[in-house]
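Report on the structure given below.
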């Protein structure tokens, strides 16, 4: 008996000590540690972001660091005392007095440890959650990303060249700054912009120019630095710079933005070249007309930003034109991004909205397609000319690099020799739209990753080529969750071939660069759905396919939608129509327990009770022209056991039909699906093979586009019949979801996310529906 008690007490001691030790370990691991240096930014320091002019800027950080390390030291002492008490307890040898003292030591140390943890929480709350009220946020005005940095990134500065901490910068470079807002050019003066040689303690004078009052080029009157040694330069954008409304871009608290770079002894004489183009040069592909034109240079360039419109026809450094008549330039906007290495042409014409509600621009091809016979694709050639600079000197009249070297279009090593150094190419556009959204396929560092290098960029790999100008600080950001004042960040991108499901796909990798973190820093990375691919489709953010619909703005595909029942009510006797036409459904012979959950919310389980969803007749569901029906279906029994016309036949998935009128999408013998249309020259189209399997969701889309009937299965065309003419016959029957022709058969399965359109969905839209509604 005594031995049993001793064993019990020993186990109890071990359990109590384990709990205390676990608390101690959790305290030590509460904040990840970031260490190492990979970008040569350490020499720049971390205090060159958006800073108040006042000298007491470092007080906040100094106080926070003192408190942080003091709490850490006390916490370590408490942990040591817990371990000491544990040793005393384990070696007490049954002495009641020694055990009591050991317990007291452990309890007191544990109380001290809890005080440290609570103190850390209080400091964190005051410094981070209340930091803006107590210390001021340092954001420099109306930055669009609260707590996500100061001047560069989340604040008033969109980008600049040279970048922060750059080394080996040539002496003859120009300095470029792009502001987030339109700027009052009269506020850009020697009093508000200073270019200082910190090594020689001297200030360079400069002149500037701008084509859009947002990007300013500063041309130093003399080469920077010297030919004898490297020189450190600091550029300061001071309080006093105004936006076009007359407001101070850094606010009224005396803030300014500074950054540093190192100038070498070299003079840059190497001309820039074009290293990437999209669409490709006469590669035999016809590109959709909602594409943008993308140009990637070998290095950052000047002169690639501007607008070409009727009102502003003077920008001619780059021209995009249709090979049609006199080949005049097309109206649109040229946007520089990727730290001035990438330029994109966005056509002026608006052709709709993408899935996030942003305006989508397209090349106009209506006038080019008037003589195209029916049934033939309208394809037309377009071209691009990027002009070199034939008149050296500032201001520039063509594309030059940051040192003023003109474009070398023919890549012979010398630029600006004549029109042969213009870069030209052509490509074909087709009168179609690409509406497939991009996705994220990889992120680095991963979630909750520890020991990340202090200045390692965050990398986001997308599933396809992206529109570089949307990969900016508004749509990608890095936020500080430690005791920092915010840290500058900037976004660049690279194009690489990535293996996706065994295929090498040309994709874009975005890099969120940032200044050096201090150790013991937690950060959050943010990627918004407003990042767009090369065809202006917004990002589909899904961690895995079963989790989509959460945490991102999914494309809606609302045009022509006359019925949408997503069955997410999960309870009740009504299924709401989300299309706005008021075609709500009512459960008939279905019960409350027929609602089930799935990966996207809920669905109806038709469990053999002869029930269905009844939608009252409405003219919005009667079609005299093209229409589409989309649904997800899963059978809960073997589809091969059903026979056409026999008892227990699964008849109708979605039907507004009696014999000889309207349409129905239904089961067919052998696990197939039939699309019946009464009044058209083809009354029924059936899938080529078995597409329904037990306990597996299938996405079904049936389309009549006025010429052809099509059935898509899981986003891919499965069956097609061309030359379908006529008009649907109509009767005022109700619409049934899971209904039966005679009401006597029983459907065993689930139906979810039914949509009906009064237009034909395109193949791209069908694929998009499959992606954004994927059900498991």
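For all residues, glycine too, the Cβ spot is worked out from N, Cα and C.
Within the set 106-127, 128-149, the record from TrEMBL flags 106-127 under the feature transmembrane segment. TrEMBL assigns the feature transmembrane segment to one of the listed ranges (66-85, 86-105), namely 66-85. Secondary structure of the domain 'LamG-like jellyroll fold' (625-764), assigned with DSSP and counted as helix (H, G, I), strand (E, B) and coil, comes to 5 helix, 62 strand, 73 coil.
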